[in-house]
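Over in Swiss-Prot, the protein carries these features:
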type     : residues         : note
BINDING  : 210-241, 469-479 : FAD binding site
BINDING  : 349-379          : NAD(+) binding site
DISULFID : Cys337-Cys340    : disulfide bond
REGION   : 1-183            : region 'Membrane-binding'
REGION   : 184-509          : region 'Catalytic'
Amino acid sequence: MVLDANIKAQLNQYMQLIENDIVLKVSAGEDDTSKDMLALVDELASMSSKISVEKAELNRTPSFSVNRVGEDTGVTFAGIPLGHEFTSLVLALLQVSGRPPKVDQKVIDQVKKISGEYHFESYISLTCHNCPDVVQALNMMSVLNPNITHTMIDGAAYKAEVESKNIMAVPTVYLNGESFGSGRMTLEEILAKMGSGTDASEFADKEPFDVLVVGGGPAGASAAIYTARKGIRTGVVAERFGGQVLDTMSIENFISVKATEGPKLAASLEEHVKEYDIDVMNLQRAKRLEKKDLFELELENGAVLKSKTVILSTGARWRNVNVPGEQEFKNKGVAYCPHCDGPLFEGKDVAVIGGGNSGIEAAIDLAGIVNHVTVLEFAPELKADEVLQKRLYSLPNVTVVKNAQTKEITGDQSVNGITYVDRETGEEKHVELQGVFVQIGLVPNTEWLEGTVERNRMGEIIVDKHGATSVPGLFAAGDCTDSAYNQIIISMGSGATAALGAFDYLIRN
């Protein structure tokens, strides 16, 4: 039995939603992965009379495709889609059977209009929380458009293929045999990358907003909901809705929710925002902000939006270590997400740069996968919580180096080592390894506001207790501000504060 009793009980409910007959075409060998895949497929077929199984010769073995009767959909799983990809399998079964996907009709129409042949391949790991978004988006595109096919490839089942392509980060997507992209991508982002996204003309007729929120993370979502509930015209411009929360695996300090994952919380935020009359403009990057009679926000696509007030909630991103080799070997051994990319370094030696909570958590996670972890901390002592340090020092395959100034990440086609300077002795040292995980904190996404609003030396927007900035009518919230702490729950509170501050400003002006 591949599926445990709890999963089978949940799956039984979804099986009732299958609308039409589907055929699982299976290509299997004598290896253990093939046997496990066959067991999974047979178990699925036993749970619904609408699922049948056929043997087939597919491009990869082991693999299976999900098809309509008499029609190949192009949806293929190479490997066993369990772990984080089990949801991708369930959605594929439902959508291939005829159940409509839960996306805007406008997006569905964009997918259906795509012409030409597009053969996508996504390389994933079953522990990657960013991968399902990509897999599910590409599967959906394959179901909607016969010109598109997609194969999900589990890197653990196809190690030789992954190594031959020098793939060291997931998800990594190939299109028609060429590299297409890596990292989390939503359906809208994929369409934009293919040249089928939203252009400036679609913003031309928008009336001025009362409040325009720039950023779609926890602070932005909170601000938008609070202003919309006041009955004023609200818009949200977001580069990707959910923000950095999408890259957070485990969340256990969001009060009233014992434990959740970033993507789940981001989905809940978006669902909540959509309950209100809020104009959400996703996949849009802000370029310039200017105050005239109204605020004018210029987007990268050339569109200009106008608003009486603006709330900046652009968040923050992972800080780069800014040494030679970091950008050259990004996704070729340099990584920022241990949950996603850790499994690709199984049995190898890696370094973690950073001794704060995120760095030590990464080192602990990686120690269970890789051969050895070297932690490099610039300061004389680690900054992580004591409970994390205690756990770290109990691990036999971890070395901690303090007073270490990273000088260079070395490599050829991929990372082969890291060079650092001992800050006490001045001695330069080199460690041979295959991966470097950078975990040194955050930098606010405020560079585009240079000269527009007062910021501190860290680039954080300075705000008062109402969320107001140095510019009347301009407010800010969340990790892009000079808040004392960067936490999801604090960002949400600051978003509400900025929203109420903006509403009060509108009343008085």
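Quick reminder: no glycine exception, Cβ is built from N, Cα and C everywhere.
Following the DSSP three-state reduction, the secondary structure of Asn357 (NAD(+) binding site) is helix. Cα proximity to Cys337 (disulfide bond) (within 10 Å) is found for none of the binding-site residues Ser222, Glu361, Gly473. You'll find the Cα of Cys340 (disulfide bond) roughly 41 Å from the Cα of Gly473 (FAD binding site). Taking the Cα of Thr234 (FAD binding site) as the reference point, the closest of the binding-site residues Ile353, Asn357, Asp365, Val373 is Asn357. Checking each of the binding-site residues Gly216, Ser222, Ala228, Arg240 against Ile369 (NAD(+) binding site) by C-alpha distance, the shortest gap belongs to Arg240. Averaged across the region 'Catalytic' (184-509), the predicted model reaches a pLDDT of 94. Comparing Cα positions, Glu377 (NAD(+) binding site) lies closest to Asp479 out of the binding-site residues Asp210, Gly216, Ala228, Gly473, Asp479. Closest by Cα distance to Ser222 (FAD binding site), from the binding-site residues Ile353, Asn357, Glu361, Asp365, Val373, is Asn357.
Ser222 (FAD binding site) has a Cβ environment of 27 other Cβ atoms inside 10 Å. Of all the binding-site residues listed here (Ala228, Ile353, Ile369, Val373), it is Ile369 whose C-beta has the fewest other C-beta atoms within 10 angstroms. Cβ neighbour counts within 10 Å, taken over all protein chains shown, single out Thr234 as the most crowded of the binding-site residues Thr234, Asn357. Between Val373 (NAD(+) binding site) and Gly216 (FAD binding site), the C-alpha separation comes to 35 Å. Within the set of binding-site residues (Asp349, Glu361, Glu377, Asp479), the lowest number of other Cβ atoms found within 10 Å of a Cβ is recorded at Asp349. Reduced to three states, the DSSP call for Asp365 (NAD(+) binding site) is helix. Across the fold, the C-alpha of Gly473 (FAD binding site) and the C-alpha of Asp365 (NAD(+) binding site) stand 45 Å from each other. Between the CA atoms of Glu361 (NAD(+) binding site) and Ala228 (FAD binding site) there is a gap of 38 Å, rounded to the nearest whole number.
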